[in-house]
């Protein structure tokens with residue numbers, strides 16, 4: 001029988017995948033876009049509520065359609081193969097690599113900050129470091145699944161530890177009466193509609209991973225009880241941690257200091273834990289490294305599912321013969337991530353990522369509503385009020401449109417063009433299945449197979 005995941009493991013999985021690099025990068029941006037301490041903390045809390053609602057929608061979908069591949073399967077059922085294809089195209093080409101790039105960039109920022117006391121590390125250094133991290137993580141994941149999961153468990157413990165240290169120190173600081181920054185929390189300029197949208201992007205980036213349980217519904221024990229429970233315990237738990245971490249930051253830094261700090265948690269460590277302040281950058285590096293590893297771990301999954309449906313180049317769904325790892329998908333993801341690192345900084349990448357991501361979160365919530373009418377006959381063990389799904393659709397409309405209306409950046413346009421450019425490939429290669437494309441791909445696939453020693457997944461069983 002497959003791995004049985006109980007309630008506790010389910011909660012740990014949610015907490016472990018959600019707490020990643022986000023809480024160490026995002027506080028600056030959330031504060032910057034929200035304008036003051038009060039709105040900033042409210043936005044962190046609101047992001048938690050949103051993630052919980054989104055995850056509950058996903059719980060209904062996941063127990064109703066028990067296929068692997070998350071959103072892909074739901075969009076396929078509700079809207080047919082075109083939307084599902086655009087989703088897999090966007091995820092494989094934009095979402096996975098850019099999220100991998102953001103995480104390794106933040107890893108590099110924290111790893112290099114201690115060596116440049118008092119100033120921000122040179123961009124060349126952080127970019128080279130993050131490229132090195134990508135190569136290393138892809139290497140580990142290509143070599144063995146077991147090694148990757150050991151790495152994962154160790155790093156999950158590391159990130160919970162550092163969060164507890166920061167929150168604990170923050171509570172001590174509050175008890176000592178360090179509340180200047182918090183006492184005038186709502187002083188400052190109110191933000192524009194679009195800026196609040198961007199603050200949400202950065203906050204929600206830290207919560208990203210609330211849909212991870214859906215990738216393993218098949219392995220949950222008693223999913224109809226445990227899936228909603230794990231969500232209702234796990235995500236609020238993370239939200240409380242996040243708000244407390246931000247409160248802790250504000251006990252030792254004014255808003256200006258927080259915005260100027262090259263790495264917020266490191267500054268916090270220097271002020272509070274001084275002889276032991278090296279603990280913070282070390283453990284943040286562990287944490288970001290762990291989430292990069294986790295992001296790499298799931299990247300193969302979708303490529304495999306869409307390759308099986310014929311929506312992606314077949315070679316991406318192949319598996320290494322000796323090591324049983326999806327190395328082509330991993331290597332492809334790594335190469336794309338390195339391309340994303342070269343031009344951009346973290347904030348641009350996060351806005352770029354969230355824009356595309358929320359288009360599909362909205363569509364997935366919409367698919368829940370659509371299937372309530374078109375697929376009445378499907379058994380729904382977990383049923384959420386349809387209002388929640390409606391709310392998710394509205395919120396994602398807001399999150400996608402507000403930043404564009406407020407400040408139309410070219411990157412959103414590029415992103416949209418990119419999503420729809422997938423159509424150029426869809427019509428000839430998937431809808432029509434033209435012959436010359438197959439003739440062209442066959443020798444290429446064969447050479448790559450020989451080079452990487454990979455086979456179609458059916459062959460390894």
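Cβ coordinates come from backbone N, Cα and C, glycine included.
Where the annotation comes from TrEMBL, it is an automatic prediction and has not been curated.
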Notebook entry, point to check: Which range, 255-274, 355-374, does TrEMBL list as transmembrane segment?
Noted result: 355-374
Note to self: Can you work out which residues elsewhere in the same chain, 6+ from the ends of the transmembrane segment (355-374), have a Cβ less than 8 Å from its Cβ atoms?
What the structure shows: 54, 57-58, 60-61, 64, 71, 74-75, 77-79, 83, 87, 90-91, 94-95, 201, 208, 384, 386, 389-390, 392-393, 395-397, 399-400, 403, 411-412, 415, 419
Next item on the list: Count, for each of 82-103, 157-176, 324-343, 386-405, the Cβ pairs lying under 8 Å from the transmembrane segment (227-252), and report the range with the highest count.
Entry: 157-176
Check: Which one of these stretches, 123-145, 157-176, 411-431, has the most C-beta pairs shorter than 8 Å to the transmembrane segment (278-304)?
Finding: 157-176
Notebook entry, point to check: Near the transmembrane segment (31-61), which same-chain residues lie under 8 Å Cβ to Cβ, leaving out any that are not at least 6 residues past its ends?
Noted result: 18, 70, 74, 181-182, 184-191, 195-196, 198-200, 202-204, 206-207, 210-211, 213-214, 227-228, 231-232, 235-236, 238-240, 242-243, 246-247, 250, 255, 258-259, 361, 364-365, 367-368, 380, 382-384, 388-389, 391-392, 395
Notebook entry, point to check: At an 8 Å Cβ cut-off, counting only pairs 6 or more apart in sequence, do the transmembrane segment (123-145) and the transmembrane segment (411-431) clear the bar of 3 or more pairs?
Noted result: no
